[in-house]
Each structure stands twice: as structure tokens, then as C-alpha cells.
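Taken verbatim from Swiss-Prot:
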{"type": "DISULFID", "residues": "Cys99-Cys176", "note": "disulfide bond"}
{"type": "CARBOHYD", "residues": "Asn14", "note": "N-linked glycosylation site"}
{"type": "CARBOHYD", "residues": "Asn172", "note": "N-linked glycosylation site"}
{"type": "CARBOHYD", "residues": "Asn265", "note": "N-linked glycosylation site"}
{"type": "TOPO_DOM", "residues": "1-31", "note": "topological domain 'Extracellular'"}
{"type": "TOPO_DOM", "residues": "53-60", "note": "topological domain 'Cytoplasmic'"}
{"type": "TOPO_DOM", "residues": "82-109", "note": "topological domain 'Extracellular'"}
{"type": "TOPO_DOM", "residues": "131-144", "note": "topological domain 'Cytoplasmic'"}
{"type": "TOPO_DOM", "residues": "166-196", "note": "topological domain 'Extracellular'"}
{"type": "TOPO_DOM", "residues": "218-233", "note": "topological domain 'Cytoplasmic'"}
{"type": "TOPO_DOM", "residues": "255-279", "note": "topological domain 'Extracellular'"}
{"type": "TOPO_DOM", "residues": "301-340", "note": "topological domain 'Cytoplasmic'"}
{"type": "TRANSMEM", "residues": "32-52", "note": "transmembrane segment"}
{"type": "TRANSMEM", "residues": "61-81", "note": "transmembrane segment"}
{"type": "TRANSMEM", "residues": "110-130", "note": "transmembrane segment"}
{"type": "TRANSMEM", "residues": "145-165", "note": "transmembrane segment"}
{"type": "TRANSMEM", "residues": "197-217", "note": "transmembrane segment"}
{"type": "TRANSMEM", "residues": "234-254", "note": "transmembrane segment"}
{"type": "TRANSMEM", "residues": "280-300", "note": "transmembrane segment"}
Amino acid sequence: MDETGNPTIPPASNNTCYDSIDDFRNQVYSTLYSMISVVGFFGNGFVLYVLVKTYHEKSAFQVYMINLAVADLLCVCTLPLRVAYYVHKGIWLFGDFLCRLSTYALYVNLYCSIFFMTAMSFFRCVAIVFPVQNISLVTQKKARLVCIAIWMFVILTSSPFLMANTYKDEKNNTKCFEPPQDNQAKNYVLILHYVSLFIGFIIPFITIIVCYTMIIFTLLKSSMKKNLSSRKRAIGMIIVVTAAFLVSFMPYHIQRTIHLHFLHNKTKPCDSILRMQKSVVITLSLAASNCCFDPLLYFFSGGNFRRRLSTIRKYSLSSMTYIPKKKTSLPQKGKDICKE
């Protein structure tokens, strides 16, 4: 879709504007994508390692976090390709397939993150507001089914992004991540944008607002001394998910709406073009940074993180000492279906 925010500009009249944003774009994207790649890879890799090593402590929350970490890792593995593209000043070196895959991976991760966070918020709301129904609704099996449905839905509905192929510019350089070049493609992208805006952002955002409002009212009415750990996990989830929506998802979707309509304007003043292009660079980088928010969701709202690390250390020590007939005691299952 609108990756770099460079509208089609006549080479003779507006070349100065195009060149100035190229320098800004290449520096910002290459720097921020590099940082997001490193932080996202190690953060999500560590979360996935802890969750897999302690998989015997199954919970619905763990199922969602595993899927969220996998989606993030798949995305950050393609970010180095973007870094190389902008380091080489907007010249694509990796063929048409990887160009399509890189664009596709970013949007699959973006909307998988939104839907996984929404599902986690909904089931945490059910666990707190409707504790009786929680027993039958918030289960590992249902969490797995929800995750499968989310993956299938996002993979299929994001398939139009696979159409974002490479092309040659007037200097015969191979380009990738560029906006549509003709009006027919722009109209198609605008329709695709509004579908993804309502289904992939507005509806999930309204859902989490309703869920968090119900959670807050329930916590305020209940005794402060009861379920202190559950209260902390709920507050942690509210803070992290709300921050992800406000910092990563909302600015990007608002700016993308404005930008796509801007591309349809016949007259574009130079200063407006520069401001629009720079805003695309900032908001798209913020959207990609959701890979760094997701590990925080586990650290601050997953609960029992230290206990899981302690379990891993016990397994490591027991495997090194070779003491027979001494087994590491495992946490009991099923005491709290929404303990994570």
C-alpha cells in the first residue's frame, strides 16, 4: 500500500521536493527499522522461548501470546530487507517475490497484532466481569480455535497486499514499497483501505474500549483486597494495549486515510507534499514498532513471569546435576483458568 508516501510527481517541476524527502526517508526508515528489528527479534524471541519451555503451564493467555510472538518474529525477519532498501537509497535488490512478501508480512503482523490483542482483551473482560461464564468460555481449546480463525482471516484478507510488486523508475532503478502509480490503482487502494480501516481498526478499537470500560467498572466495584494479582494483570493489559493502539495503530490509520485522499488531489503544493511524505515515514515506523509493544504485554500483564523463569532455571539445574529420583515439582494445572 502507501509505504513511502511519495506521490507521483512530474520530474521537471517537483524534483526538488522528491529529493529532499528521499534523504529524510532513507535515514529515518533505515535507522528505525534496524532498531525495531533488533528489539523485536530479541524481545519476542525471549518471550517465545519462555512460553515454549514452560508449555506444561498451559493457559488461554499463553496461547494468544505464542501466536502474537510468532507473528512479530515473522515480520521482524523481513525488516532487514527494508533496511537494505533504504540504505541503498531506494533501490531494491532482492527480486519481485521478496518485495511482495515484505509488504505482505508487515500488514499481516499489523492486523494479527490488532486482532490478537482484541481477543485477549475480550476474554480477559469475560474472566473478570462474568466469572461464571469464564469457566466454559476462556479455555485453551477455544483460544486455539480463535487464533486459527484470526490467522486464516488475516492471511486471506491481506492477500491484496501481495499485488505490491516492483517496478522500474525513470532511472531504471528497481523500486519497492511505493504508492500506486495510476488513478485506477489509487481507487482500488482507497477501497481496500476503508475495508481494512473499519474491520481491522475501528471495530477492534471500539471492542477494547467497551471491554476495558466494563473491566474498570467491575474492578472499582469489587473489594481492593480480592484478586490482587488478577487486578494487576488487567491493569497491565489495559495500559499496554491502549498504548499500542494510541502510539502504533491509530496514528498510522488516521494518516493513511488523509494520505490516500491527498494522492487524489490534482494540485499539490510542494510544502504540503513534504509534510505529507514525512508524516507517512513517521506513522509507518510507529506502526511497525508494534512488534516492540507485544513483549511488554506479556511482561506486564501475563502474570507469573518470574515463576516461569524459575521453572526454566530448575529444569536447567536438574539436567546439569543428574541427581536420580529427584523431580522438579511442576505447578498444578487448572486452578485458575485465566491465571495468565
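Positions of Cβ are set from backbone N, Cα and C atoms, glycine also.
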- Query: Who are the long-range neighbours of the transmembrane segment (234-254) in its own chain, taking Cβ under 8 Å and residues 6 or more past its ends?
  - Reply: 110, 113-114, 117, 120-121, 124, 128, 197, 201, 205, 208, 212, 215-216, 219, 282-284, 286-287, 289-290, 293-294, 296-297, 300-301
- Is the transmembrane segment (61-81) packed against any residues at least 6 beyond its ends, judged by a Cβ distance under 8 Å, and which are they? 33-34, 36-37, 40-41, 44-45, 47-48, 51-52, 55, 94, 98, 101-102, 105-106, 108-109, 112-113, 116-117, 119-120, 124, 140, 143-144, 146-147, 150-151, 288, 290-291, 294-295, 297-298, 302-303, 338-340
- Message: If you count every Cβ pair below 8 Å, which range out of 32-52, 110-130, 145-165, 280-300 shares the most with the transmembrane segment (197-217)?
- Response: 110-130
- Count, for each of the glycosylation sites Asn172, Asn265, the other C-beta atoms lying within 10 angstroms of its own C-beta, and report the residue with the smallest count. Asn172
- Count the Cβ atoms, other than its own, that fall within 10 Å of the Cβ of Cys99 (disulfide bond), considering every protein chain shown. 23
- Looking only at the topological domain 'Extracellular' (82-109), what are its DSSP counts of helix, strand and coil residues? 21 helix, 0 strand, 7 coil
- Residue distribution over DSSP helix, strand and coil in the topological domain 'Extracellular' (255-279): 19 helix, 0 strand, 6 coil
- Message: I need the CA-to-CA distance for Cys99 (disulfide bond) versus Asn265 (N-linked glycosylation site), whole Å please.
- Response: 28
- Message: I want to verify one value. Collapsing DSSP to three states, which class is Cys176 (disulfide bond)?
- Response: coil
- Item | Beyond the flanks of the topological domain 'Extracellular' (82-109) by at least 6 residues, Cβ under 8 Å | 1, 3-4, 22, 25-27, 29-30, 33-34, 37, 71-72, 74-75, 154-155, 158-159, 161-166, 173-177, 196, 287-288, 290-291
- Message: Give me the CA-CA distance between Asn172 (N-linked glycosylation site) and Asn265 (N-linked glycosylation site), in Å, as a whole number.
- Response: 27
- Item | Integer mean pLDDT for the topological domain 'Extracellular' (255-279) | 86
- For Cys176 (disulfide bond), list the number of other Cβ atoms lying within 10 Å of its Cβ atom. 25
- Message: Is it possible to list how many residues within the topological domain 'Extracellular' (166-196) are helical, extended or coil according to DSSP?
- Response: 14 helix, 4 strand, 13 coil
